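Visitor: Below is a structure I'd like to ask you about.
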Amino acid sequence: MSYAKLAGLEPIYGLYSGFVPVFVYAIFGSSRQLAVGPVALVSLLVSNVLSAIVDSSDELYTELAILLALMVGVLECIMGLLRLGWLIRFISHSVISGFTSASAIVIALSQAKYFLGYDIVRSSKIVPLIKSIIAGADGFLWQPFVMGCIILAILLVMKHLGKSRKYLRFLRAAGPLTAVVLGTGFVKIFNPSTISLVGEIPQGLPSFSIPKNFGYMTSLIPTALLITGVAILESVGIAKALAAKNGYELDSNQELFGLGVSNILGSFFSAYPTTGSFSRSAVNHESGAKSGVSGIVTGIIMGCALLFLTSLFEYIPQCALAAIVISAVMGLVDYQEAIFLWRVDKKDFLLWTITSTTTLFLGIEIGVLVGVGASLAFVIHESANPHIAVLGRLPGTTVYRNVEQYPEAYTYNGIVIVRIDAPIYFANISHIKDRLREYEIEVDKSARRGPEVDRVYFVILEMAPVTYIDSSAVQALKDLHQEYKSRDIQIAISNPNQDILLTFTKSGVVDMIGKEWFFVRVHDAVQVCLQHVQNIKEMPTTPDPPPEESPSLLQRLLRQTGEDLSIPELESGNQRPPASTETDPQLEPLLPRKP
């Protein structure tokens, strides 16, 4: 009932929304503890969009809210059937937290009118709400304010006791009921004229009716998409957490389908958009619910209330319902998350700040769009600027690791070993080429070993972390090879996966670079390159392919099979790595160290 008022609807529609969808979700949903029904955030979104189209007192307002439930349900079913739940992963947790925190503040301020005793403007922006509260201060009534504050204090104390003491956890669920009973009892005894009441509520179950006014669907599509996204994030997130706590697997796509069907069928029985509720689901979990039967029991109780108890709801004070809403959303203001993000990741803290600020001052829709846009911008930036590491050899091993992470690792003169820690595609290939040029020029000679040479002759690309390479990157790699060739620098490729080898083979990269310059391990590549560096020091020449007496692993594989290049041959690591006749590749150092 409280959330229906927040959505700008009559309280009865809150009861309808907590009736049919509960039964439907118990059948089609996959979570055993999730409680489906009206929630604060979705109610605020409904109010925000519909109040801009029609006055909340108009019958069209209610019809559009019901139509919105049908549209949200259809979208959720489509996403579930097409298994599109992964799209929501692009919305980061910091964006969700910032959006939820700002929305909770807006929701709490929108309920202030029931505490203050006068109307305030309906808005999803904080500035108009505060201006309206200040402007109407002359109409302040102390009676609903005092009553609302007392009920809110009782709710908060009961919630705190229920959380902090296990043997009192029933108080958390009993809080709203206690508030309603106390408020109603006070009104029945003293009959205060200054405290507004819920008023008459129709008795009986909702009748079947088909949603109307489909002509407004076009204008409601953006809001339906937004509500769908928010509902999925809230519901699936809660359901996954509860599933993990209770030791069972949750099917996200089945969850989407269950939520969609509950909204579709609910719209035929006068329900507005619903989703999983965090607080009610927590109560379900703490009460020991183990299956969807708990939802069916809830629905039966709701049906009994609609049939027999609506006459008692007439005397519920509006400020009591407002206190219930404020109590529920206070926990959504996640300032602790902001503090955590500030300590751990400044980028995520910036996302949280951007999303919460734009939601507060520019409205919910813009806040979500800006937050998601900023989140995607960070993803694109990270993807276009991947981490690239220069590798060095750990003393006493044939293992090569990032020299920044392992300062004791050493490199070899004339050789640069680079690991690319991301897929290579059109957006990041330019950055990768720039970094390779930098590594070629900026040579740290303090931890280098091997023959003394004056420049870089070999660039070894460790491609184990690279999962994908596109055609633009292949062409750029060809250009880079030609550029290096003109400066007497040879590229060697280490440990590419099967798909990348296939791409290199089809595009002619293998033939261009040379089969003999593809290696299973970095160590194999380093060994061959060191032999050439030694030759260059003794007799400076342009790098030639490895000599026949010391073939690469690829040459050995090809020689054994007598066949053309194939992926299994390139990937095979069963043969002994290439070795000089004087040095065991498994021993360290490969060449005499510099004294």
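The backbone N, Cα and C atoms fix where each Cβ goes, glycine too.
Keep in mind that what you see is a predicted model, and the values were worked out from it rather than measured.
Under the heading transmembrane segment, TrEMBL lists 12-28, 35-54, 60-82, 94-116, 140-158, 170-190, 214-236, 256-273, 293-313, 320-343, 349-380. The domain 'STAS' annotation in TrEMBL covers 405-529. Taken from TrEMBL, the feature region 'Disordered' applies to 537-595. Residues annotated as compositional bias 'Low complexity' in TrEMBL: 550-560. Residues annotated as compositional bias 'Polar residues' in TrEMBL: 572-584.
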Visitor: Please indicate, using numbers and ranges, the residues of the same chain that are 6 or more beyond the transmembrane segment (349-380) and have a C-beta under 8 Å from a C-beta there.
Guide: 44-45, 48, 90-92, 94-95, 97-99, 101-103, 105-106, 124-127, 222-223, 226, 229-230, 337-338, 341-342, 427
Visitor: Using Cβ distances below 8 Å and needing 3 or more such pairs, separated by at least 6 in sequence, tell me whether the transmembrane segment (293-313) contacts the transmembrane segment (60-82).
Guide: no
Visitor: As a test: from 60-82, 140-158, 214-236, 256-273, 320-343, pick the stretch that has the greatest number of Cβ pairs under 8 Å with the transmembrane segment (170-190).
Guide: 140-158
Visitor: Can you tell me which parts of the same chain pack against the transmembrane segment (35-54), counting only residues 6+ beyond its ends and a CB-CB cutoff under 8 A?
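Guide: Hits for the transmembrane segment (35-54): 3-4, 6-9, 14, 17-18, 21-22, 25, 29, 60-61, 64-65, 68, 100, 103-104, 106-107, 110, 122-124, 216, 219-220, 223, 226-227, 230-231, 234-235, 259, 262, 272-278, 280-281, 283-284, 294-295, 298, 325, 328-329, 332, 363-365.
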Visitor: Same chain, outside the transmembrane segment (256-273) by at least 6, Cβ under 8 Å from its Cβ: which residues?
Guide: 4, 7, 9, 13, 16-17, 19-22, 24-25, 27-30, 36, 38, 42-43, 46, 65-70, 72-81, 85, 206-211, 227, 231-232, 235-236
Visitor: Grab the same-chain neighbours of the transmembrane segment (60-82) for me: Cβ-Cβ under 8 Å, and only residues 6 or more beyond its ends, written as numbers and ranges.
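Guide: Residues packing against the transmembrane segment (60-82) from afar: 7-10, 13, 17, 46, 49-51, 53-54, 211-214, 216-217, 220-221, 223-225, 227-228, 231-232, 253-267, 270-274.
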Visitor: So if I exclude everything within five residues of the ends of the transmembrane segment (320-343), which remaining residues of that chain have a CB under 8 angstroms from its CBs? That is, six or more out.
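Guide: Residues packing against the transmembrane segment (320-343) from afar: 1-3, 5-6, 11, 40-41, 94, 97-98, 100-101, 103-105, 107-108, 111-115, 147-148, 151-152, 155-156, 159, 175-176, 179-180, 182-184, 198, 279, 349, 352-353.
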Visitor: Could you give me the DSSP helix, strand and coil counts for the domain 'STAS' (405-529)?
Guide: 55 helix, 25 strand, 45 coil
